[in-house]
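K.L.:
Sharing a structure here in structure tokens format.
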Amino acid sequence: MRGRLFDGRTSAAHEVRLVVDPDAGLLRFEPEAAEARGPDPWPLAQIRTIERTASGARLGVEGIEGARLQLGAEARDYLAPHCPNLRRRPRSRWSGVRVALWCVLAIVGLGATLFVLLPMFAHQAALVLPRGIDRQLGESSERGFASMLGLSGKPVRRCMAPAGLAALDRLTARLAQAGGLPETPRVVVLDSRVINAFALPGERILLLSGVINRAENAPAVAGILGHEMGHIAHHDPTEALVRNAGMGLLVGIAMGDIFGGSSAGIATLMLTRNAYSREAERAADGFALRALATAGIDAMPLGRFYGRIAREQAASGVLVPSLLSTHPDPGDRQARVEREGRPGDAAMSNEDWKAFLGICDELGPIDP
């Protein structure tokens with residue numbers, strides 16, 4: 001059997017006779033023309049089909065880039081029983097490089113989507129989202145928070161003492177007017193020892209009773225509420241929820257959940273974990289300081305509150321590096337309040353503050 005061989009080293013074609021050596025597992029080539037040395041043999045197990053033609057086939061071999069063997073149909077049929085991998089296409093020595101390159105491009109594309117395109121889309125979506133949808137997102141997020149806070153087995157309850165709610169409503173309206181918000185946010189207090197507060201879509205704020213107990217005074221509570229109002233003013237909650245839902249959808253697709261059914265839950269979960277950038281947190285702090293100043297509320301207690309948090313973190317040894325935390329360092333926040341904050345009056349009367357401290361004396365179900 002004969003064929004035309006291109007050995008991959010030169011462009012010259014060699015007319016060769018094919019000799020199968022089954023004992024050695026090689027296909028040997030005997031040149032038709034007188035040559036000092038015949039072409040190197042090919043391992044039978046590494047011979048692959050490059051292309052099937054009407055008259056025969058073109059074959060290649062693993063490990064010799066550019067080597068080709070042109071055969072007629074009879075020669076092809078002669079070799080087929082001896083070449084177990086003949087139907088497989090040969091792998092180029094660059095195939096691994098190409099795979100790696102595609103992986104890098106895919107990672108870069110995913111990173112660009114997650115960290116550039118998705119945030120841009122989320123920002124624009126938060127600005128134009130209809131108010132009704134925004135409120136529905138807020139209701140859903142509020143229920144999601146309540147469910148997560150109740151995972152320990154004890155269902156979380158809403159603090160509903162009437163006198164405390166009235167005092168909170170007066171402070172909220174005062175801050176909203178001072179901050180120039182078009183609507184007064186709905187503030188819900190939940191009975192939880194967790195020290196935190198959250199701004200939600202739809203002009204909603206969740207204030208956990210743990211932060212009330214730690215704040216120690218009304219101006220500090222006012223500063224915390226002012227910070228969350230800053231997020232509302234800048235549309236941060238809706239933007240974060242849209243962004244996190246998009247991330248959840250991408251994660252769901254990657255994990256086989258092609259309909260992204262888990263994206264809403266992932267978005268709500270991520271919203272509890274400092275979902276805002278440090279720039280957004282600083283902007284919310286600035287809003288709070290301006291609102292306190294306009295309302296005539298003393299900002300210094302807010303600085304002392306941040307100072308206590310900073311000392312407690314240092315004493316516990318649980319320090320979050322600023323690079324890994326979206327919230328600015330409590331010590332830095334205290335310094336900013338002392339630098340930019342203004343002294344003023346109390347945020348509540350003594351009677352209102354006493355009533356507010358008892359806001360969780362009466363508890364009821366979550367009712368978005």
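Even glycines carry a Cβ here, placed using N, Cα and C.
Copying in the features that TrEMBL gives for the protein in this structure:
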{"type": "COMPBIAS", "residues": "329-343", "note": "compositional bias 'Basic and acidic residues'"}
{"type": "DOMAIN", "residues": "2-73", "note": "domain 'DUF7092'"}
{"type": "DOMAIN", "residues": "167-338", "note": "domain 'Peptidase M48'"}
{"type": "REGION", "residues": "322-348", "note": "region 'Disordered'"}
{"type": "TRANSMEM", "residues": "99-121", "note": "transmembrane segment"}
K.L.:
Across the domain 'DUF7092' (2-73), what does the pLDDT come to on average, as a whole number?
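P.N.:
It averages 85.
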K.L.:
With DSSP, how much of the compositional bias 'Basic and acidic residues' (329-343) is helix, how much strand and how much coil, in residues?
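P.N.:
So the counts come to 11 helix, 0 strand, 4 coil.
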K.L.:
Looking only at the domain 'DUF7092' (2-73), what are its DSSP counts of helix, strand and coil residues?
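P.N.:
The counts are 4 helix, 39 strand, 29 coil.
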